[in-house]
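This report refers to the structure that appears directly beneath it.
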Amino acid sequence: MVHLTGDEKAAVTALWGKVNVEDVGGEALGRLLVVYPWTQRFFESFGDLSTPDAVMNNPKVKAHGKKVLGAFSDGLAHLDNLKGTFAQLSELHCDKLHVDPENFRLLGNVLVCVLAHHFGKEFTPQVQAAYQKVVAGVANALAHKYH
């Protein structure tokens, strides 16, 4: 559960309505893979990830980034039940993929950076604070099934 004020919830929802999930998702996942290259080991089937340009232009990275932000959108619609919303994804990432749960926090922070880049002055400190709460809540929910 993420505790947001009414104003924070409104700010998150208003900005998210303007997000191009495909563009932002691809950029966020791509940046994660470039900035934290050890995360690439989970995406070996994606082909060429040898350079930042290769990562950022990789169609599989873009497609998976869109999928990730689709799940994030579901989370925004269920802020009062993030653990339930992400239970299956948590189990998948824990039991089958063996993803370090710290990677969820890293991706959330990268997403905040990408949103700031895309929305400039509209991404005020207050909006950032609200999004930081949301990405922390999502990361916590995704890590929930870990032992």
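From the backbone N, Cα and C atoms, a Cβ is placed for every residue, glycine too.
Taken verbatim from Swiss-Prot:
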type	residues	note
MOD_RES	Val2	N-acetylvaline
DOMAIN	3-147	domain 'Globin'
MOD_RES	Thr13	phosphothreonine
MOD_RES	Ser45	phosphoserine
MOD_RES	Lys60	N6-acetyllysine
BINDING	His64, His93	heme b binding site
MOD_RES	Lys83	N6-acetyllysine
MOD_RES	Cys94	S-nitrosocysteine
MOD_RES	Lys145	N6-acetyllysine
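The structure, with features from Swiss-Prot marked on it.
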| residue | record | DSSP class |
| --- | --- | --- |
| Val2 | N-acetylvaline | coil |
| Thr13 | phosphothreonine | helix |
| Ser45 | phosphoserine | helix |
| Lys60 | N6-acetyllysine | helix |
| Lys83 | N6-acetyllysine | helix |
| Cys94 | S-nitrosocysteine | helix |
### Query
So of Thr13, Ser45, which of the modified residues has the fewest other Cβ atoms within 10 Å around its own Cβ?
Ser45
### Task
Just name the winner among Val2, Cys94 (the modified residues) by count of other CB atoms within 10 A of its CB.
Val2
### Summary
modified residues near Lys60 (N6-acetyllysine): from Val2, Thr13, Ser45, Lys83, Cys94, Cα within 10 Å gives Ser45
### Task
Whole-number Å only: compute the distance from the Cα of Lys83 (N6-acetyllysine) to the Cα of Ser45 (phosphoserine).
29
### Query
Which whole-number mean pLDDT does the model give the domain 'Globin' (3-147)?
90
### Task
Measuring CA to CA, name the entry from the recorded positions Thr13, Ser45, His64, Cys94 that ends up nearest the residue listed as 'N-acetylvaline'.
Thr13
### Message
Test of understanding: give the count of other CB atoms lying within 10 angstroms of the CB of Lys60 (N6-acetyllysine).
### Response
15
